[in-house]
């Protein structure tokens with residue numbers, strides 16, 4: 001049912017799934033998240049409590065008198081969720097029911113206040129998704145009140161009707177909540193699906209172990225597995241599991257997400273294996289400001305001018321043979337790229353001729369951001385680009401002079417290409433229609449923390 005699915009999504013805010021064996025990510029939902037769920041969960045809960053009341057059978061007269069009773073409205077003025085340390089989440093709700101009793105000589109409206117209490121335990125399924133179960137549920141109903149005190153219905157009959165209604169609610173409301181939880185479990189089972197990273201790559205999250213619950217938060221150890229062409233990206237086993245310290249990020253935030261060095265290493269290895277970091281840099285030969293031609297190179301390298309008396313196009317083939325390295329230090333995130341750059345010129349027969357090749361080291365400042373459900377990044381060059389001549393078919397090369405040219409024709413295309421890749425982003429742990437809002441990102445030694453609010457878009 002639609003309302004069950006929506007309420008399931010709301011409750012799933014408590015359980016952002018992810019993981020495999022060694023946790024590379026920790027997701028912590030704080031008290032503020034429970035407050036948010038409590039507020040937006042009232043309307044779906046009201047719809048869930050709209051149960052059917054069977055006819056009341058009146059045996060007091062000479063003949064059996066069936067009386068139809070219908071719930072006109074359910075209003076939930078208060079819904080409160082709280083963490084129970086070492087256990088799960090407790091639900092406390094106050095609901096006001098309005099009933100219409102179709103009784104001669106005229107219908108009667110009654111109101112009945114009800115207090116609901118349910119304790120939920122969160123465990124782990126065999127497919128590494130959360131499983132929510134109701135361990136205890138009870139309700140406490142108050143005294144029913146008539147809307148119109150002038151109604152001629154006898155007090156004795158009202159007592160019997162009220163007893164009938166309370167008995168029905170005692171049987172049905174906890175069952176209704178239990179059915180909602182089952183709907184939540186069906187929904188959570190879909191969270192092991194793959195989220196696209198690129199055209200041929202995906203990320204999958206799954207839980208590592210049973211959640212840890214304290215009086216302040218619920219913490220899930222999760223692992224992100226990246227796939228390229230259906231095959232997982234495997235890193236060397238790290239004997240030290242990632243542990244998110246207790247007091248990190250912004251106090252009072254709804255969600256605290258810790259991303260280990262392992263996740264960044266996997267993402268960069270994925271980009272390198274996919275060849276996504278490779279690029280060819282070319283220029284427009286007839287452009288006045290084009291420096292990617294043999295004339296510009298010939299002014300720096302005499303042998304190029306001798307071999308190419310007429311200006312010919314030059315191509316820089318940039319290949320990443322070594323995996324980029326992310327370095328996470330307090331308040332500082334950097335990337336190191338070590339591309340191999342081959343410089344080729346187009347000969348008169350349109351074939352490419354290798355002029356020389358360079359081993360390059362580029363250090364980049366990494367700025368992280370979050371957009372809705374994705375972690376994104378932008379880079380800028382940090383310091384000077386380091387060049388070493390790997391091979392040359394044009395004699396001696398003065399790397400100091402070539403460095404000036406490379407800074408003009410190499411850095412900007414490389415940054416544009418890399419930033420376009422990082423802008424695609426990588427999906428963070430979450431559920432359908434749930435977005436991170438007003439996130440703050442903190443870089444610590446060996447890990448990154450995202451402190452964020454949450455917004456559910458229905």
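Positions of Cβ are set from backbone N, Cα and C atoms, glycine also.
Given the structure is predicted, the values throughout are model-derived calculations rather than measurements.
Residue-level annotations in Swiss-Prot identify, among 52, 330, 346, 52 as phosphothreonine. 60 is the residue among 60, 133, 260 that Swiss-Prot labels phosphoserine.
Cα-Cα distance from residue 332 (N-linked glycosylation site) to residue 96 (N-linked glycosylation site): 54 Å (rounded to the nearest whole number). Residues near residue 52 (phosphothreonine) in space but far in sequence (CB under 8 A, at least 6 apart, same chain), listed by position: 71, 172. Over all protein chains present, the Cβ of residue 293 (N-linked glycosylation site) has 22 other Cβ atoms lying within 10 Å.
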